[in-house]
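Novice: Structure incoming, see below.
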2 protein chains.
Amino acid sequence: MQVHESTTVATFADLRVDGARLWDSLMQLARIGATDKGGVCRLALTELDREARDLFIAWAKEIGCTVRIDAIGNIFARRAGLRDDLAPVMTGSHIDTQPTGGKFDGNYGVLAGLEVLRTLADANVRTLAPLEVAVWTNEEGSRFVPVMMGSGVFAGAFTLEHALEQRDREGVSVRDALSRIGYAGENEKPHAVGAYFEAHIEQGPVLEAHDKTIGVVQGALGQRWYDVTVHGMEAHAGPTPMELRRDALLVAADLIHAVNRIALDHAPHGRGTVGWLDVHPNSRNVIPGRVTLTVDLRAADDATLTAMDSALRAACSLAGEKAGITVDVEQVVYFPPQPFAAELVGAVKQGADTLGFASMDVISGAGHDAVYLARVAPAAMIFVPCKDGISHNEIEDARADHLEAGCNVLLQAMLNAAQKAGSADA
Amino acid sequence: MQVHESTTVATFADLRVDGARLWDSLMQLARIGATDKGGVCRLALTELDREARDLFIAWAKEIGCTVRIDAIGNIFARRAGLRDDLAPVMTGSHIDTQPTGGKFDGNYGVLAGLEVLRTLADANVRTLAPLEVAVWTNEEGSRFVPVMMGSGVFAGAFTLEHALEQRDREGVSVRDALSRIGYAGENEKPHAVGAYFEAHIEQGPVLEAHDKTIGVVQGALGQRWYDVTVHGMEAHAGPTPMELRRDALLVAADLIHAVNRIALDHAPHGRGTVGWLDVHPNSRNVIPGRVTLTVDLRAADDATLTAMDSALRAACSLAGEKAGITVDVEQVVYFPPQPFAAELVGAVKQGADTLGFASMDVISGAGHDAVYLARVAPAAMIFVPCKDGISHNEIEDARADHLEAGCNVLLQAMLNAAQKAGSADA
């Protein structure tokens with residue numbers, strides 16, 4: 001069919017976002033829930049979240065977007081395409097934060113999307129497929145679990161009903177919290193998405209270590225999370241000779257080393273972390289009787305992740321047997337590895353190359369809304385460096401030029417996808 | 001000089017304590033502060049402590065003892081000797097307990113001493129030197145630190161003034177707590193002690209493991225306690241590749257192993273324990289940025305303890321360097337090793353042999369009032385088994401026949417010392 005448009009792809013290629021406007025919007029949004037240390041505390045579905053949502057919607061409407069809210073509170077700001085029957089090319093992220101969160105995690109992805117739409121509005125050009133910016137509800141999971149709640153419901157990872165029933169520590173349900181802030185929208189079937197991009201700060205040190213501006217994200221690591229309990233025998237540190245001890249912490253130390261070794265044995269993408277550990281009774285002169293610890297294993301493919309799982313269970317058995325101690329292992333979370341769509345990943349890479357930004361292939365070690373979106377649409381992500389790889393921290397920081405670069409790559413990748421959407425059925 | 005006595009050593013050797021009376025008194029004392037789980041919660045200088053002290057004093061007076069209280073609340077129940085100018089042969093322990101303490105820890109030593117005096121009263125015999133039973137204030141240190149407060153003041157380990165100024169978590173000082181329960185006694189110079197014995201449950205598993213009734217305690221291990229802080233770099237478990245991590249818990253695991261190895265390298269008496277460990281931020285998917293942990297090293301002689309100290313510091317440096325991480329080590333407590341007096345230890349051994357009890361040489365891994373008394377008088381201890389080596393626990397348990405056996409050994413050892421006191425200046 002004939003493409004009805006006044007602009008050409010060549011014209012699109014010349015478009016550039018306004019980096020200063022993007023930065024200003026980030027700073028303006030960061031004032032809602034700003035902390036003394038320069039971070040943001042804006043938990044999901046609080047009054048502060050409502051304020052931030054209202055601001056985003058006001059901005060989207062200023063440039064002529066239509067706005068819809070779904071039943072889990074996800075916001076979709078839509079800029080009509082020339083062919084509104086085509087599935088939209090979508091971008092987005094989240095604007096809820098950790099209790100001691102930063103200004104960029106999530107917020108960047110949402111406002112980079114808004115900046116793309118603003119750029120097109122300024123240029124008075126229209127894409128073939130419609131474009132949408134999504135604000136996903138409760139990505140962080142700090143107030144309500146599961147994490148990535150809005151995108152999870154959208155992608156069918158769990159049901160709307162399950163999500164609505166979750167409660168925070170004060171007993172407030174997601175359902176009630178949504179109603180209170182006026183963001184309980186229509187319960188309708190999730191709409192088709194033609195392509196999904198998400199720009200995000202890296203939250204890790206790789207781009208900075210390699211002095212690259214753009215991370216071309218190939219996919220997300222699969223994850224297995226475990227609760228491990230080591231059952232020793234509590235006893236006095238003084239009167240109990242070494243050979244008569246059953247020290248749970250000594251076995252836990254074996255496991256901490258094992259988890260590290262398992263990750264190293266599965267390089268380059270294998271990761272293993274003991275992040276949480278609790279000693280009972282945790283007294284200076286008492287041999288630990290019980291240690292509970294968490295294990296977080298990640299890998300790029302399921303075969304590797306399964307091998308790491310086996311290695312962990314073997315290490316627990318071995319360490320326990322050696323010490324005459326019981327070690328319980330319970331898997332509590334599983335996220336499968338999620339490769340991104342080759343074509344969209346290629347568009348990100350091409351965008352970075354065309355714009356002259358140093359880029360590298362990376363893999364997302366963390367979960368993102370894009371990982372759920374990849375279950376229902378072609379998806380890809382664009383990473384930009386964050387200072388010292390630090391996020392989920394009030395000192396989280398990122399460079400304005402990097403944020404602008406990532407936004408320009410997002411613009412080009414979205415335009416590319418929006419125009420191809422037409423050619424696919426031409 | 002001539003020994004003025006109607007009884008002979010031979011007569012003394014035939015004396016036996018009343019095991020049932022000892023057990024009954026233990027059970028009666030245990031009712032003051034009894035817990036649902038069969039233990040005792042009777043913190044130092046509380047109303048319950050006062051009740052227990054009052055009961056002990058009533059019992060002591062029933063058999064004609066004189067009772068004095070010193071300025072830190074130590075109680076001395078004295079049974080006059082034929083030669084009251086001689087320094088008393090003393091025994092004792094404590095009747096304060098841990099919050100979840102048992103019926104025997106400390107209480108046994110006090111009531112075994114009382115049973116010795118009761119036995120002599122029943123037999124209507126008098127020793128050459130006077131005998132005393134001491135109840136030392138606040139051995140446990142659960143409410144006020146330092147631990148072994150009463151015996152520490154008596155032995156000059158720290159000043160009376162320092163002890164009186166200590167406060168509990170509610171801000172109540174030792175001085176005020178003593179006044180409230182009516183146990184702030186005379187501030188007089190500690191009196192001379194001719195010999196000090198202390199009977200105690202072992203609080204460890206060695207006697208039980210070797211099927212022995214009497215532990216002939218050779219001395220107490222020296223102790224060095226440390227606070228260790230490992231400074232890593234907090235980062236996301238997902239996005240941070242293994243090679244870019246500075247994981248504080250991984251270094252802590254090295255140290256846990258090192259502490260264990262250092263103890264094993266200094267067998268048979270070397271002990272090393274990491275009993276307390278705190279992870280920051282202690283989040284499942286965050287690489288630990290900081291770990292603080294305690295180290296408790298013990299050894300029978302100071303040269304060994306010093307070598308263990310050096311090995312610990314070397315291990316901290318090595319583990320830190322390897323990981324590019326700072327490790328701070330601070331020694332917070334030092335108790336020197338304390339050998340007991342050979343002659344008194346011999347008397348304990350001889351008592352066990354004469355009475356036909358299976359005994360073995362042991363060393364005290366824990367601190368006891370006797371360890372401070374050994375600084376100002378010849379001292380020794382008698383251990384009896386406790387079930388599964390468990391103490392500082394409501395399920396702490398001991399066998400009546402073992403308690404009786406230890407008490408008979410105490411009787412013989414005290415009589416031996418009390419009669420020798422005369423011969424020394426004969």
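Using N, Cα and C of the backbone, Cβ positions are placed for all residues, glycine too.
TrEMBL entries are annotated by machine, without manual review.
As the structure is a computational prediction, the values presented were derived from the model and not from experiment.
What TrEMBL lists as Zn(2+) 1 binding site is A:His94, A:Asp105, A:His200. What TrEMBL records for A:Asp105, A:Glu140, A:His392 is Zn(2+) 2 binding site. Annotation comment: TrEMBL describes A:222-317 as domain 'Peptidase M20 dimerisation'.
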Novice: At a 10 Å cut-off from the C-beta of A:His392 (Zn(2+) 2 binding site), count the other C-beta atoms across all protein chains.
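Specialist: Around the Cβ of A:His392 (Zn(2+) 2 binding site), 24 other Cβ atoms lie within 10 Å.
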Novice: Could you give the Cα-Cα distance between A:Asp105 (Zn(2+) 1 binding site) and A:His392 (Zn(2+) 2 binding site), in whole Å?
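Specialist: The Cα atom of A:Asp105 (Zn(2+) 1 binding site) is 8 Å away from the Cα atom of A:His392 (Zn(2+) 2 binding site).
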Novice: List the residues in the vicinity of the Zn(2+) 1 site, defined as same-chain residues other than A:His94, A:Asp105, A:His200 with C-beta within 8 angstroms of the site's C-beta centre.
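Specialist: The surrounding set, listed in chain order, is A:Ser93, A:Phe104, A:Gly106, A:Asn107, A:Tyr108, A:Gly109, A:Glu139, A:Ile201, A:His368, A:Asp369.
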Novice: If you count Cβ atoms within 10 Å of each one, which of the binding-site residues A:Asp105, A:Glu140 comes out on top?
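Specialist: Of the binding-site residues A:Asp105, A:Glu140, the highest Cβ count within 10 Å belongs to A:Asp105.
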Novice: Which chain neighbours of the Zn(2+) 2 site, leaving out A:Asp105, A:Glu140, A:His392, have a Cβ atom within 8 Å of the mean position of the site's Cβ atoms?
Specialist: A:Thr97, A:Gln98, A:Gly101, A:Gly102, A:Gly106, A:Glu139, A:Ser142, A:Gln203, A:Ser391
Novice: Within the chain of A:His94 (Zn(2+) 1 binding site), which residues six or more apart in sequence place their C-beta under 8 angstroms from its C-beta?
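Specialist: In sequence order, A:Gly106, A:Asn107, A:Gly109, A:Val110, A:Val135, A:Trp136, A:Thr137, A:Asn138, A:Glu139, A:Glu140, A:Gly150, A:Asp369 meet the Cβ cut-off.
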Novice: Listed in sequence order, which of the binding-site residues A:His94, A:Asp105, A:Glu140, A:His200 sit with a CB under 8 A of chain B?
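Specialist: Listed binding-site residues meeting the cut-off: none at all.
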Novice: Between A:His200 (Zn(2+) 1 binding site) and A:His392 (Zn(2+) 2 binding site), find the distance joining the two CA atoms and give it rounded to the nearest Å.
Specialist: 13
Novice: Would you count the other C-beta atoms found within 10 angstroms of the C-beta of A:His200 (Zn(2+) 1 binding site) for me?
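Specialist: Around A:His200 (Zn(2+) 1 binding site), other Cβ atoms within 10 Å: 28.
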Novice: Helix, strand or coil for A:His200 (Zn(2+) 1 binding site)? Use DSSP.
Specialist: strand
